Structure formats: structure tokens, C-alpha cells
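First comes the structure, then the notes that go with it.
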Amino acid sequence: MERSEAYGFSGAMSGAFLLSCLLFAAVSRRQRGPYMDEVFHVPQAQAYCHGRFLQWDPMITTLPGLYLVSVGLVKPAAWLLGWTGSVVCSVGMLRFINLLFSAGNFYLLYLLLFKIHHKNKAVSGFQRILSTLILAMFPTLYFFTFLYYTDPGSVFFTLFAYLMCLYGNHKTSALLGFCGFMFRQTNIVWTVFCAGNVVAEKLNEAWKTELQKKKDEKVSSKKGSFSDLTRILQFLIKYLISPKNLFTLTSLTWPYITLVIIFFGFVFINGGIVVGDRSSHEACLHFPQLFYFLSFTVFFSFPHLLTPGKIRKFLLSLRKHPVQYSLITIISLFLVWKFTYVHKYLLADNRHYTFYVWRKVFQRHELVKYVLVPFYIFAGWTFTDTLKSKSIFWILMYFVCLLAVTVPQKLLEFRYFILPFLIYRLNIPFPSMYRQLLELAFYIIVNAVTFYLFLNRTFRWENSDEIQRFMW
């Protein structure tokens, strides 16, 4: 990092942290007590603070990583600074843990952007800092910096594991992946993603060697063609049935394999992936979740994905491959018809964006969910098109992980999209400065509106005296 870039990064990170501290003070002043899921998380962390490690709230569905880290940070700080009484493990103190995770995420996002795009000499230090600031202010993640939720810590350990994987420190990466798993069980998918990075790199090297042998350089440039896909699948099968290749891949990824084995052992002993209350977190094949994620990504990355050039390119692709797109449309319509699920929380809880999206869009008419299929197809195309700089094996591996982390979820919850979105956004080519600034301005507006609604537009339910606040 050059000196000017170091100064710029330090200024951006300090400014972002100062702004977060001001927002943190406003949130803590307006909402002093636990709110929403904090009602479960805060008492559980406080029980751990008092040494009651066997006490467990059955309504909590995640492992105790957040509470263990909180106690590990707060207790030594209280001892060093002489804090006593109710201030130790208070609501404000516990929320502050996520503010620290947010600062850590800022630094990790910068390091990841630097590592992933280090070969692109055209990218300036200012662009890296600007992209880091944009991703750190990603609205769905940024909001939960100020509440005692698992999201900032979950993102921190997962991004840290990904960074260590890219640097080849796979034992450290698997250990950090275990920490991420302790925050949210579905993070095991991103451990598989880290292993997949290693596998994809080896496959890409072997694929290039295969092409060189056949002197068929054109094949690698036709990622979208059916013949190319068939050839790649044949190559995959041939490569993976080789004992020598399997031994090489296993020797490289054994730390991740060990963690996955531990995960399956946990699922077997626990009787499922969910800890505590399972009635509201039943796994199912909810394939439209992939369509919702793609739409979510287009919405938050519209300066890059929803451009006139992209639309023209998509229409040209549509004209050139009508049979493939017709088949995709039929499959998509079938998936929407047979695999759309509506969680009871989605219909009942009017404190979330998803409630209004579902009511204002999907519940307007029974046919709306089918009418949106062409947009889903465009979203999927433009999403994949921005990843064309990655190898075909990386893309296949990412989509497998994306399906694994979204499809089993019955509840439409934007928080579940945070990690797949960030990993996608980290890996696309750097956009122009204008588009980055437009994206940053959009994130600032969305955050400002969300915080305004949360802090100032409170309301009450008919059957409750508690103040309700609007949130993600």
C-alpha cells in the first residue's frame, strides 16, 4: 500500500467509524432496551456474562459464537477499566461489539479487494478505498451494525476465512470458518466455497493444459455455449475420477473437509441444522429464493447490472439463442409454480421491508409471480455476465454454494443474502468511478431512509403496548 493510499484508507475508515459511532449513539438513545431478536440474544449473552453457560433459550436457533466472543471481549475490558454493575454486558455494551466487527469488516473488505484484483494495474488506490466504503455501507449489513445480531460477526469471520484461503493459509481459513459456523450454521457453505476456490484453481490449470494440448484456444472463450458446457462437464468427470487428482485435491483441502465432517457430525447429533426452535425454520426446496436473490442483487447493484448496454446485450443474446431461453423460461415458470413458499412471518410481521415487498408486489395478483420470470432471467443473465472474468469452474462452484445457502430457506429474509452478495460484489471487475459514486449515493439514501424510519416513525400494534420500529 502506497503512503497516499494508506492515508486515504485511514481517513475513510476513521470517518466511517465516526459516523457509525454517531448513529450508534442515536440508536441507543432511542431504543435503550432489546428489540426484535435482541430479546433473545441479549439475555443469553448476559447469562454467559454471569457464568451461566448451561442456560439456553430454546427460541434461539444459532450456535453461541456471538455470546462467547462477547464475553471474551467484554469481561477483560471490564476488568482492565474497572467497570462494575449493570454496565458490564449491558445492551449498549453488547451492541458495541458489532460496531467493532463493522470496523473489522471494513478492513477485511479492503484487503479482499486488494488481493482479488491485485493483477489489475488500472485500478487506483482511490477506487479500492471507494469500493471498500461502498461495501461497508451495504444497507442490509450496515443496519445490523447497531443492534445485537449475529450478522456483523458472521460476516467478519467468513470474510476473514475467505481472505486466508486466497493467501493459501487453509488451516487458518478452516479455523476461522469454524468461528463463522458458530455464529450461523449456514456459514458452512462458505467453508465449502473456500475449498471450492482451491479446487477451481486446480481445475482451471488442468483445463488450460487440456486446451493447449488440443490447440483449441477458442473453446475457453465460449463460456455460454452448450457445446462448451458439454466439453467442460466431460473434462470434470474425467479429472475427478482420477485417484491421483482426487488425492491432490484432498491433500490441499483437508482442513475444510475436516470442518465439513464436524458439521455433519453436529447435524447428526443435533437432529438437524437448527438449534432450539425449529418450527419456524424448516428446510424446503424453495427455488424462487434464487430469483429473489438475483432481483435483490440487481436492485443494489443497478449502476453495474441495469444499464442500457447490458439490456441491449441481453436482447441480442435472446435473439441468438431463442431455444435455450425458451427452455429456461419453462423451467423457471415450473419452479415458481411448484416451489413457491410463503412463510407465516412474511405475512404477519409488518416491521420489515419484505412484508411490504410481498404485499405490494406479489399479492397484487396471482399471476404477478409468473410475470416476473422474464425479469428473473435477465437478472440471472446480467449477474452471470459480470462474472465472466472468473473461470468457468469458479462460477460453477459459486452457483452451487449460492443454491445451497438460499434455496433451503423458507423465509424470504434479506439478511440471508448478505454474504452471497458481498462475495459476488468483491469478485466482479471494478466499475467506472461514476458508477461507483452512484452506487455509494444510492446506499447512503437507502441507509438514511431506513434509519429515519427506524428512529422516528414508530407505531404500535393493536394487541400490544410496545413501541414497534421499522427495520430490515
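The backbone N, Cα and C atoms fix where each Cβ goes, and this holds for glycine too.
The list of residues near the transmembrane segment (6-27) in space but at least 6 beyond its ends in sequence, with Cβ under 8 angstroms from a Cβ of it, reads 95-96, 99, 102-103, 106-107, 110, 125-126, 129, 132-133, 136-137, 145-147, 451, 454-455. Sequence annotations record features per position, and here TrEMBL assigns transmembrane segment to 6-27 (among others).
What TrEMBL lists as transmembrane segment is 60-81 (among others).
Sequence-remote contacts of a segment are chain residues at least 6 beyond its ends whose Cβ falls under 8 Å from one of its Cβ atoms, and for the transmembrane segment (93-114) they are 1, 9, 13, 16-17, 20-21, 24, 27-28, 41-42, 45-46, 66, 69-70, 73-74, 87, 128-129, 131-132, 135-136, 141-142, 144-149, 151-153, 155-156, 159-160, 162-163, 166, 422, 426. For 93-114 (among others), the entry in TrEMBL reads transmembrane segment.
The transmembrane segment feature in TrEMBL is assigned to 126-149 (among others).
Positions annotated as transmembrane segment by TrEMBL: 246-269 (among others).
Marked as transmembrane segment by TrEMBL: 289-306 (among others).
The transmembrane segment annotation in TrEMBL covers 327-347 (among others). Sequence-distant contacts of the transmembrane segment (327-347) (same chain, six or more residues past either end, CB-CB distance under 8 Å): 280, 284-288, 291, 354-355, 358, 369-370, 373-374, 376-377, 410-412.
Residues or ranges marked as transmembrane segment by TrEMBL: 367-384 (among others). Cβ atoms under 8 Å from those of the transmembrane segment (367-384) belong to residues 288, 291, 294-295, 297-298, 305-306, 310-311, 314, 317, 325, 328-329, 332-333, 336-337, 340, 361, 395, 424 of the same chain, restricted to positions at least 6 beyond its ends.
According to TrEMBL, the transmembrane segment annotation covers 391-408 (among others). Among residues of the same chain six or more beyond the transmembrane segment (391-408), those with a C-beta under 8 A of the stretch's C-beta atoms are 186, 189-190, 192-193, 196-197, 199-200, 203-204, 207, 223, 232, 283-287, 289-290, 292-293, 384, 416-417, 419-420, 423-424, 427.
Residues annotated as transmembrane segment in TrEMBL: 437-455 (among others).
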Contact ranking winner - 60-81, 126-149, 246-269, 437-455 against the transmembrane segment (289-306), Cβ under 8 Å: 437-455
